[in-house]
């Protein structure tokens, strides 16, 4: 019986070692991917800073102007859609306003 116990213990330890090795490799792979993502984010941030520096504008001023332009763009189509949606969504109301019964 002692031989079987020794063999079983050796098999378990080999399995355990393999599992641990796999886990270590997985962790190393995750760390490498995270490192790559961080590097990409840092590189992207550096490129943005370079672009704004080339424009000669402060970040604050440019952002405010961009926000104003976006708001103006958003307001136009939203108002049109709202009026169209009201006309389509409430046909009974149109009929009563036009003199027809609902």
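Keep in mind that glycine also has a Cβ here, set from the backbone N, Cα and C atoms.
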Based on what Swiss-Prot says, identify which of 52, 96 is the phosphothreonine one.
52
Quick check: in three-state DSSP terms, what is residue 13 (phosphoserine)?
helix
